[in-house]
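K.L.:
Sharing a structure below in C-alpha cells format, with a few things to ask.
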Amino acid sequence: HGYVDQVTIGGQVYTGYQPYQDPYESPVPQRIERAIPGNGPVEDLTLLDIQCNGSGGSGTKPAALIASAAAGDEIAFHWTTWPSSHVGPVITYMGKVPSNTDITSYSPTGSDVIWFKIDEAGYENGKWAATDIMSAQNSTWTVTIPKALAPGQYIVRHEIIALHQAETYPGAQFYPDCFQVQVTGPGTETPTSQALVSFPGGYTPTTPGITFNVYSGSITSYPIPGPPVWTSNEAFSGGSSSSAAASSTAVASSTADSSSSAAATQSSSAAASGSAAPSSSAIGTSTASSAAASGTAIVDANTCMNNYNKCIDAGQPDPDWSGCTATKDACLAGATYQRLARSGTLGRLSF
C-alpha cells in the first residue's frame, strides 16, 4: 500500500495530500493534490473512486490550489514506502478541464472522456516498474508534460497498479493520485478522441493487464492497460496499448526525489489566483522513529502504516492479514500525526 506524499513540478516541490495528517489540522492545509482516504487501494473498476481515489464510490473532491508548469516540464512523484511484493505498472494520465470551468470546482463524471496517457512502464528485462525500477529511483517516478500540449488547466492522474493478487478480477489494486496543474507554453494540440478514455470506463475486467498471474514463473512481457501514450496527435497511433516496455522515464535528481531534501525555494510570483506556492519544506514519508517500548516514544501514524506494509510484504504470497492489521491498529491507537512545528522542524506543534 502507499500514496504520493510529495511532487516536484517544474523544479518546485509541493507536499502532497497527507491522509493521516491533513484532516486533523486546523485549518486543513491547502494542497494541489485531491484528497485521498488513506494508503489503501481501489479494486472496483466501476466506481468513481478509480478516477482519483476515494471511498464508497463517491470519488474525491477538487483541491484548493493549482501548480504552474510549462509544457515540456518534468513532474516527479515521490511515493511512500512501497512493498516489494506489489509489482505492477506505473501509469500517468492527464485530463483537460473544460473551457470556462475552474479546476478547483471541477469533478469529472464517469462519462467525461477527458483522460489521455502521457507515460507508462510495465515489465522489462525482468524488472517491474513499480518495484524494481522505482525503488532504484528513491521511490520516485518522473514524467514529462508533452511539449505539444495546449495551455490550460489539467488534472494529472498518476497511478500504480499492484498485481500481487491479480490472478482473477477483482484482485488488482489501483492506487491513483490526482494533482491540479496550470499548463503554459506555446503548444497548440489537444488529444484527439482516439486518445481519450473516461474513468470509470478506461479499464474493464477484460482489459489486457487487469488480470495477470505474476507467480507463473515464465513472465516475458506485460500488457499495460489503457490507450497508447500520447505525445502529439501526429505521433499517436490509436488503438489499445500493448506495450510491455518500461518507459524512458528519467531518474529524478536528488534534489527533487528525496523525501529528506532541503527546503524548496519559495516561488517569486504566483502563476494565478489560487496558485500553489512550493512547499516550504519537503515532508518525508516518515520522520518518527519506529515504535519503542518506552511510553514516551512519539510514533507517527505514517510509521505505523509503513510497518504494516512491511508486515504484509514479508508474508507474501499468503500474508497474515489479521495479525498485521492488529499490529497496525494498536500502533495507530497511540500514534500522533506528524506536522510542522512552529520552529519549522517536524514534530508536534510547539507553543
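Glycine is treated like the rest: Cβ placed from N, Cα and C.
Residues or ranges marked as Cu(2+) binding site by Swiss-Prot on the basis of similarity to another entry: His1, His86, Tyr175. The disulfide bond annotation in Swiss-Prot covers Cys52-Cys178. Per Swiss-Prot, the feature N-linked glycosylation site maps to Asn53, Asn138. The GPI-anchor amidated serine feature in Swiss-Prot is assigned to Ser280.
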K.L.:
Here's one to test understanding: among the recorded positions Cys52, Asn53, Asn138, Cys178, whose C-alpha is closest in space to the C-alpha of His1 (Cu(2+) binding site)?
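P.N.:
That would be Asn53, nearest by Cα distance.
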K.L.:
Given the recorded positions Cys52, Asn53, Tyr175, Cys178, find the one whose Cα is closest in space to the Cα of Asn138 (N-linked glycosylation site).
P.N.:
Tyr175
K.L.:
For Asn53 (N-linked glycosylation site) and Tyr175 (Cu(2+) binding site), what Cα-Cα distance in Å is obtained after rounding to a whole number?
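P.N.:
Rounded to a whole number, the Cα-Cα distance is 7 Å.
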K.L.:
Using Cβ-Cβ distances, find the residues under 8 Å from Cys178 (disulfide bond) that belong to the same chain and are at least 6 apart in sequence, listing them in sequence order.
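P.N.:
Cys178 (disulfide bond) has long-range Cβ partners Glu33, Arg34, Gln51, Cys52, Asn53, Thr60, Ile155, Val156, Arg157, His158.
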K.L.:
Just name the winner among His1, His86 (the binding-site residues) by count of other CB atoms within 10 A of its CB.
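P.N.:
Of the binding-site residues His1, His86, the highest Cβ count within 10 Å belongs to His86.
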K.L.:
Least buried of the glycosylation sites Asn53, Asn138, going by other Cβ atoms within 10 Å?
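P.N.:
Least crowded of the glycosylation sites Asn53, Asn138, by Cβ count within 10 Å, is Asn138.
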K.L.:
At a 10 Å cut-off from the C-beta of Cys52 (disulfide bond), count the other C-beta atoms across all protein chains.
P.N.:
28
K.L.:
Under a three-state reading of DSSP, tell me whether Cys52 (disulfide bond) is helix, strand or coil.
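P.N.:
Looking at the DSSP assignment, Cys52 (disulfide bond) belongs to a helix.
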K.L.:
What number of additional C-beta atoms lies within 10 angstroms of the C-beta atom of Tyr175 (Cu(2+) binding site)?
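P.N.:
For Tyr175 (Cu(2+) binding site), the count of other Cβ atoms within 10 Å is 25.
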